[in-house]
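Quick look at what TrEMBL annotates:
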type	residues	note
ACT_SITE	A:39	active site, nucleophile
DOMAIN	A:39-256	domain 'Glutamine amidotransferase type-2'
BINDING	A:272, A:418, A:474, A:477	[4Fe-4S] cluster binding site
BINDING	A:319, A:381, A:382	Mg(2+) binding site
């Protein structure tokens, strides 16, 4: 049986291979860094301690980017900002936060890639232009950025970063209109998935792409407005979640308060499904769904679509714990701690050499021998990217004495690159794009492998009007149905360049 | 109904108040640092990469002490060692590990207290004495250390640290016997709970107090022997768990291999129950019980002893997640992520000011509004120390909209200080020592409060021959029944001074 | 007698007040940071270890800027660069230097100001533009930069730094010509004093303003060419000094070797006299004069112009030691170590509070009591800026027991701001601009004060054809005779913004 | 002519070879680290800001030890102390100094050796013993320390450091007498050269060995007493130099004020001559002589003993600048800056590889080509240790074009190891111990070489009653006449182990 993704209103067919050598595996981005986080933004309007609020807010968004952090505050006269490489708590100390005086601010945490982790790319980017100071923080990716950049260069523009944000600044600066109109014009030229925070000395602008591909929420804290990539960052400062920013929406906050506007008509709502599956924090709500609960439902649904009899259920930490508990609740198979992640690893940790790994030295993840020994194990994971990581985890379980390892992935097979802010490998490296489920199952050394169906995923996430096309989600990495144009004659860009 | 701890073979009476205003709360050591970790030790004999093995082993024991770390290696001629303040990954880098050449080593991680966190106290302590080099690493506390120290000072000894370890070194150095006999003599003078690793240029000695109060396990890695406070440190380097060190046992490892000896007759086995309840890592095994599984059983048992109808069960992370899952499995009430801990906090994190906290800025822990709002919540925690932390967590849940908060503590009321290595507040600060369960319930603002009975605890832990007195556990912090003499006329010491 | 600066071919009149209460004082830039260093540049073409050479070269130029350092290397395909805050040795380590592979490079050290010491201003600045990569390092100041910047902003340009360098990049990018011609066009629009190094993937351009205001020398190291702000940076890597770059000259280095060109006709040669007086290292040669020797001659000349009988001569370290030795040689009064500077101070040094200073705690500079006690002291210094520092030093000598303190300044009174790269205070703060020499003498509490005459300065520096107007020097800070237009209708800028 | 050191009252014979190929070379400790600094101590009694005073005082003594620094303060109840690796300004920050509250303190800076630069050796060492707290800071070396240490170990003592200080603490602790008497007893057992500061909660003890081998001065700052290795540390905090501590003297400071006592009869006064020649700061006074002035006299005397006609005189920085100026004043040959030291080098500086050095990359020291080219140069240095450094410096001058290089060393040939606190190489590595002056001259590639005679040295230093044997100096490194017993049957120790 060859695998085929069913979408739309058709009946869900569990993506399951039950032949000789069963089925599928997992990526576990947070363990082996296969999928990269894609930045977080945080904005404050009208709070006297905007920098402190940003510090705690960005800290709550830290999982979205561990490479660099920055905060820029405005006080009506000028900007003060600080950016640095590292975690929020490493980049800022009390003195630095105290020096950032102002009641309006935008902040950013940035993910890490090997090639381009320069401080110059740390956001918010800050510019001087005709009308004064301008700061921008972004999450997402502009697909046609290379084309626009080329045009700007032809027109004599210079670039100091590789960030999409700089392109936006150029477009605004070159417009002859006022700041708000110039920003609208500029945004209309962009194709992609993005959430932008822009700040001048007296205005804060908040915008989301016409498909709402990247998450962005608004909260209130007393009289102040707060904006964040995820609601967990509101909760941590005691702010109340008001609503999600709409596709194509553009909010302007200034001395006249909040003005709701838009730079584009909303198109098909298509929030990134991977936010639900893997990226967002379990205590965040997106479009009315709590993430932990949604993941539990994915696990439950998985149990219905591809039940397997076993002794214990375990999840690959941290992202698949919720789903594993859901699978256990649905099946009655006890949830156990079969895998454990060492929470103390990080940049400065000495990774074991290949030789030591072969001698048995574990990396960030260990199997718990007494729990899995002699057991038939259901291992829940969120995705399989290249397959190598899944194979390693399955083998960890086997070496710890698991009799059987049944892998259940709470998403459909990952076959297509993301153009909207997630840093994915080349399509040729995506195992699901060139192997059948059976082949993948063999490759990762599992006893069986199954993926959640797209329908299962959509229904688990819920929170959307069921009339929305594909539940209001972008499933392009699974089904190749991109909400925007993604081919610009070779001048397009995938991944993330915020 | 006044609370009364039942022990021995009597029938378990659930420690539950169900009056008007119900019952009890929790300490959550890992969240608010009320109970301090108490050091971890790691030893290697006969492995050419002893320092690397120690690095990974100590890293797995990091939860037992985040303040300082150290490794001393021997190569038959001299010692090389390095100690520093901070996490294992901060204290050591590749060059430092590479410089520690030798096939025998002892290492240590130390917990943090405010008063005495000096580098001079970082272990292993290294001494020169008549017979050459001596290094010692300890976990535990010697109750009569002040008395011995005073005697040594009267005899002209000087002390450079406040560590028990230095006392042991003096006793050994002052003996006229050979190293092994001198060590036995010295250990016999000590009263308390301790696990010691001692190393000379050609010998490694491993010893546990006569009650086996502190955990200490032996593993094998090929021809090499490995010793650790917890089995998780064996697993991470691929070593096989052989057995727990026995009460009063003393192992000698040298060119003649491993010799099993003892310095004292074993007394009542009394392994620290708090290791099961809170300290040890869930993937460790102690005396044949996996910690995660034991905690799940505590949660299950709790459900039987003090069931309460509710909509969701949540655990205070990280230590009470396992128990909460057990409670949920037993009751069918779904386990949900009602509380979440921010994994990025740490030394350099700027703690919110009291003023900011009052404005709603959360610390390390947040309640997940969408999960708890409008729900009746069972909150599982491991212990209540002063009660202030429990009150804060209950209030977090209420502020997030919980209708009811029923607190279930997976241990009996904590009423007595520890003399064997856990840094507890003064008895007068232990809320259970001066308040009834009803009063505590009110104090922490819960709808009901219950504690696990001692019998429930003992049976949940299991792993011991049921004939062992109190299941082979030390329950003195609950029942005031200390396995050793603890009163030395004012010259005794509680807490931890490794 | 009122003070009057004599210039040109007139007879030198020593600038000396010998009334009741004598005369003048000093600034001592290196001690109390009144005058700021003004950046150093270093370039390499055709050396396989360009980054290493740059490291040592920039290190030799460290006195020109302690705030930030950076190196960008080219290898024919792309750029690799690293910049950071701090000293060269702090910004770079072995790994970083090793990662900068290429045979062409430009580097920079930047001085420190309080207001704008951001990493974003650290050079070399690196840009992408139509034709590829572009890196620029600058020393100096463009007087009409604000005007050009304004025009560029009107044309839609954005700026990320406050550096002049960014303006140059914009001008080049907006030109339709090829790189070399575009650079020439751009440079022609600039008014000021500057030394520029520009690098693309295949070309290095070296340029000096039409007056040659800032120093820039060329050296050879085997087949490689090396460029530096001062010759000491050539010496340290074993390169041979070839010559100084000429006013208006533009050198192009590429696969065809070195091509000598110019972007402007040379105008009146006007090398900054303060380089000789204070900034440049004593072991550097500028225009054929060794700096130490020139300073000795200034001291000698000073002795002739304003002799005073005394017991000892001392110099304010480090910059005035050479002059003090010259004064001593000329007069026979012994040179003694009356003042000493603590070489270990630096950024992290805790400056004594005002209260401690009043209690006698010395800063970086101390008087040596046994040397000065009971002595009549000639104190040689290079300049007086605000007068406060001179007063402090004179008082240090008096407190140490000096009977008399005669201050001799080896430059004319400093009366006018610099527009060409030296960060001077506002004219109103320059004590010489509003006080007579007699008043200054009183203000700094000296027994007598004299300044070197402009003629004396010119003749001491020597090294120029005597036919050159004002010895080929810019003396504008003394005589208000600026070589370029400095008034652009309020859109001009003084100081330094490299 | 074979070289022979003349001592005592005999007529000075200049140590000069003037044969065909002349003579001798130099050590230049501060440039190439051949001779090691030997620690500095600083004590305060009765000042409310004892820690701040110590910070500035130790900073002024930084040249005596760059490896580690520490301060311990007493406040009548307990000690507070902080020690760390690095410079004073690196080890301490404002918060640390502010936390060291007390009006009595002792501090220490420690020199750097490769082998044993452990933090555990950082001073002050702090002990607990029978009578309470004890802190000790030392400069010097105890020759019979190994013997005492062995006896103590036989008696059951343990040692945690390799410092002499720990031996002293043991001896005091083992005495049955009160603290002051116990200290006296202990000091009487020590043979060597040492300056000790000891502190309890209510007493400060200051002591110097019976020959006064190491410098130690007393000052007053208002009502407070201050003690330091050199007077420059008094000057910097505004304290007045009172006097040098006498040989065998022991001062006790407590609530009854200052009591002058002694633990031993004074023996032949023998202050280390190398302090005058090289170690001490030029602005310090020792025994009434200012160091800069003494060094100038050495240069003058050298000119008389071994004049050579030349064009310029230059000194090896920093230690020989003063002597070079003296030589120039005496001879009329101008002093020029022929050699320059880069002040920015330090621990983190990347030393050029051998290959780069051969290509001409200079280390810390450069010759100034324009100054020395075509000149006959007199190069003044303080000592020759192995000869390799002298050869390098001579060659630097030759490569820069010097026609002749005449080396003049302002001390006699260095032939014998130091037992009193200076870290010297093995005797077999001391070039003067196995080569004639002619051979040394050839070895270092000089045109002529001369050493200052012992008489010349003694008379230059002056400041002592001429009746004192050898001018009250220890010249043992030159003449093998050690003031104390230095042979303890193989149980002695040379160098420095403070």
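Every residue gets a Cβ built from N, Cα and C, even glycine.
All annotation found in TrEMBL is predicted automatically rather than curated by experts.
These figures come from a predicted structure and were not determined experimentally.
Taking all protein chains in view, 31 other C-beta atoms sit within 10 angstroms of the C-beta of residue A:381 (Mg(2+) binding site). Nearest by CA distance to residue A:477 ([4Fe-4S] cluster binding site), out of the recorded positions A:39, A:319, A:381, A:382, is A:382.
Of the recorded residues, residue A:381 (Mg(2+) binding site) and residue A:474 ([4Fe-4S] cluster binding site) place their C-alpha atoms 20 Å from one another.
Within the model, the domain 'Glutamine amidotransferase type-2' (A:39-256) shows a mean pLDDT value of 94, rounded to a whole number. In the three-state DSSP assignment, the secondary structure recorded for residue A:381 (Mg(2+) binding site) is strand. On the backbone, the CA of residue A:418 ([4Fe-4S] cluster binding site) and the CA of residue A:382 (Mg(2+) binding site) stand 16 Å apart. In three-state terms derived from DSSP, residue A:477 ([4Fe-4S] cluster binding site) belongs to a helical segment. Other Cβ atoms within 10 Å of the Cβ of residue A:418 ([4Fe-4S] cluster binding site), summed over all protein chains shown, number 23. On the backbone, the CA of residue A:319 (Mg(2+) binding site) and the CA of residue A:474 ([4Fe-4S] cluster binding site) stand 20 Å apart. Across the structure, residue A:272 ([4Fe-4S] cluster binding site) and residue A:39 (active site, nucleophile) are spaced 14 Å apart at their Cα atoms. Annotated pair the residue listed as 'active site, nucleophile' and residue A:474 ([4Fe-4S] cluster binding site), C-alpha to C-alpha distance, rounded: 18 Å.
What surrounds the [4Fe-4S] cluster site, by Cβ distance within 8 Å of the Cβ centroid and not counting A:272, A:418, A:474, A:477, is the set A:193, A:213, A:273, A:274, A:419, A:420, A:421, A:422, A:475, A:476 from the same chain. Residue density at residue A:39 (active site, nucleophile): 27 other Cβ atoms are found within 10 A of its Cβ, drawing on all protein chains shown. Residue A:319 (Mg(2+) binding site) carries neither a helix nor a strand DSSP state and counts as coil. Within 10 Å of the C-beta of residue A:319 (Mg(2+) binding site) we count 29 further C-beta atoms, all protein chains included.
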